[in-house]
């Protein structure tokens, strides 16, 4: 449920900021190495442990490497919740342990107009990423408690709306009332399985196949 909310927030945010239903630029994905046997593929909400190197496309200069700049240690992150670049969330789905990918990330899915550190504004980025481990993502009990304002173990439309408004404000997005209402209705249509007008703790924590 939490990951569906994040995906819904991201989709609406993109629409609002672009001013039209224009598709986002896509990441170019090249598989450099793939294991013969793959027991599990990454999906939204998974914890991933990776080594990576990042380069500027324009001149091939290295701006970060976990091997060189992170005491040689790989990094953990959660896929699909905007914890990392949008380009990573898009380009690292369906990946196997032992797989290596090269991602070409356009500015809109990287650091955009602002840039960051050694990365100039409007830079296309190249990442070589090696997946070392996949784990189940964090439990969503804490998120449910945060949303359940009256502690009745079920979420009303008002409670979900308040949560979404806070998440939008956290990311600096301004969305009008009608957008919030439409998003809440869409969430309840998908998550309120018994159609009683509330999302129960069970419905909230249930992991849907499409996630």
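From the backbone N, Cα and C atoms, a Cβ is placed for every residue, glycine too.
Keep in mind the model is a prediction, meaning the values are calculated, not measured.
Swiss-Prot lists 1-19 with the feature signal peptide.
The number of other CB atoms found within 10 A of the CB of residue 96 (disulfide bond), across every protein chain shown, is 18. Summarising the annotation, Swiss-Prot assigns disulfide bond to 38-96 and lists similarity to another entry as the type of evidence.
Among the features that Swiss-Prot reports, domain 'PPIase FKBP-type' is placed at 45-135.
The feature domain 'EF-hand 1' is assigned by Swiss-Prot to 135-170.
Annotated Ca(2+) 1 binding site per Swiss-Prot: 148, 150, 152, 154, 159, in sequence order. When other Cβ atoms within 10 Å of the Cβ of residue 148 (Ca(2+) 1 binding site) are tallied across all protein chains shown, the result is 18.
What Swiss-Prot lists as N-linked glycosylation site is 176.
The domain 'EF-hand 2' feature in Swiss-Prot is assigned to 179-211.
Look at Swiss-Prot and you will find 192, 194, 196, 203 tagged as Ca(2+) 2 binding site. Counting every protein chain shown, 10 other Cβ atoms lie within 10 Å of the Cβ of residue 196 (Ca(2+) 2 binding site).
Among the features that Swiss-Prot reports, motif 'Prevents secretion from ER' is placed at 208-211.
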Three-state secondary structure, which DSSP defines for residue 203 (Ca(2+) 2 binding site): helix
For residue 159 (Ca(2+) 1 binding site): intrachain residues, at least 6 apart, with Cβ closer than 8 Å: 147, 148, 149, 150
Residue 194 (Ca(2+) 2 binding site) versus residue 154 (Ca(2+) 1 binding site) - Cα distance in angstrom: 12
Candidate nearest residue 96 (disulfide bond) in space, where candidates are the binding-site residues 152, 192, 194, 196 and distance is Cα-Cα: 192
